[in-house]
Amino acid sequence: MAAEDIAQLADCLAKANVGDGELSFKGKTLKLNTAQDAEEVIREIEEYEGLQALRLEGNTVGVEAAKAIAEVLQRKPDLKRCHWSDMFTGRLRPEIPTALRSLGDALITAGAQLTELDLSDNAFGPDGVRGFEALLKSPTCFTLQELKLNNCGMGIGGGKILAAALTECHKKSSAHGKPLALKVFIAGRNRLENDGATALSEAFRLIGTLEEVHMPQNGINHAGITALAESFKANSLLKVINLNDNTFTEKGGVAMAEALKTLRQVEVINFGDCLVRSKGAQAIASALKEGLHKLKDLNLSYCEIKADAAVSLAESVEDKSDLEKLDLNGNCLGEEGCEQVQEILESINMANILGSLSDDEDEDDDDDDEDDDDDEDDENDDEEVEEEEEEVEEEEGGDNENKEKSKEIPCLSGSAPASPPKLPVDASTFLSFPSPEKLVRMGPRRSAMIAQQVNVADTEKVVQAFIQVSSVYREDGEIKAAVEETIDGLMKEAFENRGFQANVFITSLLVQMGLLKSEDKMKTIPHLNGPLLTLNHMVQQNYFPKSLASTLLAFISKPNGVLENNASARHTLLCNLHNL
């Protein structure tokens, strides 16, 4: 290590002790490859008496450094909270399980009693779960209350390994007279799918003490949702259920509603982007009428819910005095339906809880019953997101142009044959009021249309166009592809234009994202997930000047509350920036 690097590290360490038994190296971007690199970190850990929490997130720890840190952790029996998210950036996947195994073995040797383990944003895959499997099964985790594994790429295999480890932990801890009492489980963006979710549901049912479950964006369909719903019935203390961006359909919606009827402590329900549809929403409305009196936040946005079901939901919250937010945006209420919902809430003095309805779609004429029949006929095909989409393809002769197939785009399925086709969207219409559906409806020429509409020599206009396009980003394949294709067309032309100022573009974009202060007061982007993931795509393209990577890296890696709320997207972008 160079002398100046050691001095910088020492300065960081001087500020690391944050009290309450916590030693923090959070966001220091330390590159700890060898035992020598980790000497100062090890010294600080060694000298910290009564260490209860260790923050290593936002650094990168290699196998040798992990082994060296593990040696000192063997002498820290008071350690309770391990904040070890995002600490393997730039590491090869095979390195991570070895490093985790060393650290885990050290905690076991020390006789530590963990209450919190956070390994989020470490892309270790199924093999990585093997790296801390022994730790989870050991007495060190008998006291575990919070397990955070967001965005780790576990997949189905990793989900099954994790479920088995939790089950064994509960079994062993029960034998010792104090069963595992896990309260918080976080595992979003892991592609657990039905099999992984079902395996975990068995562990949840056994544990029975969960208060928060966060499993968004896992590709779970109605079979997995139903299994989770059954397990939730055994967890009567549940307060937060976040299954955003999975695929319930009516079956999953009804099953989850039945589970909600048995729960009395629920405060937050996030089923946004879950394709609950009207019958699922009606079932949830019924559950609301029967209970859920502590509910504070209900998100059923982008679920293909029609006006009648939305009205039922509005009527069902009348006695929910704690309710602070009801999100029904992006559904199929139509203008009259929106007005009805607003009038109902106004009549019970709850108009203030309703979120924006700006992305609402007109109510289609199709019948949910037809869609539901399709679901019933397709028992063996859990991997299909929307069976009725296949019917639309057949009716249209297999023509894919201007076809809306994503579950993220509300109410695009099951159109009656007599319904007139939706007209294509032009660039100016999209840029005025961006939405995922409009971008898809622009068709295969969307990239050229946007690039032609925007004066790429005007850097600020390119910034605005980038923000507008990236704001509709979704993980769904069709929308994601449309966003990336459009950005490629726009930015390739911009970077090749002599009048375009690349450095100004990056600076202005950082300001708009709230990551760089500006002397002028301006409104920043409220949601950064789409822009961050779109940036992640852009920086990997040949047209992107690699000289700009250092600027982005400097600001994206800095501690920032807004970025911490988008940790998964931030981690993905940082990994690719480090690799440039």
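Each Cβ is built from the backbone N, Cα and C atoms, and glycine gets one as well.
As given in Swiss-Prot:
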- 358-399: compositional bias 'Acidic residues' (COMPBIAS)
- 356-429: region 'Disordered' (REGION)
- 111-134: repeat 'LRR 2' (REPEAT)
- 141-168: repeat 'LRR 3' (REPEAT)
- 207-230: repeat 'LRR 4' (REPEAT)
- 235-258: repeat 'LRR 5' (REPEAT)
- 320-343: repeat 'LRR 7' (REPEAT)
Sequence-distant residues near the repeat 'LRR 4' (207-230) by C-beta distance (under 8 Å, 6 or more away from its ends) are 150, 166, 170, 179-198, 200-201, 236-252, 255-256, 258-259, 265, 270, 375, 382-385, 475
Across the repeat 'LRR 7' (320-343) the predicted model averages a pLDDT of 93
When you scan the chain for residues with a C-beta under 8 Å from the repeat 'LRR 5' (235-258), skipping those not six or more beyond its ends, what do you find?
183, 188, 204, 207-222, 224-226, 228-229, 264-277, 279-281, 283-284, 286-287, 294, 299, 303, 368, 371-372, 375, 385-386, 407-408, 475
For a three-state summary based on DSSP, what are the helix, strand and coil counts in the repeat 'LRR 2' (111-134)?
10 helix, 3 strand, 11 coil
Sequence-distant residues near the repeat 'LRR 7' (320-343) by C-beta distance (under 8 Å, 6 or more away from its ends) are 267, 272, 288, 292-307, 310-311, 313-314, 350-351, 353-364, 410-411
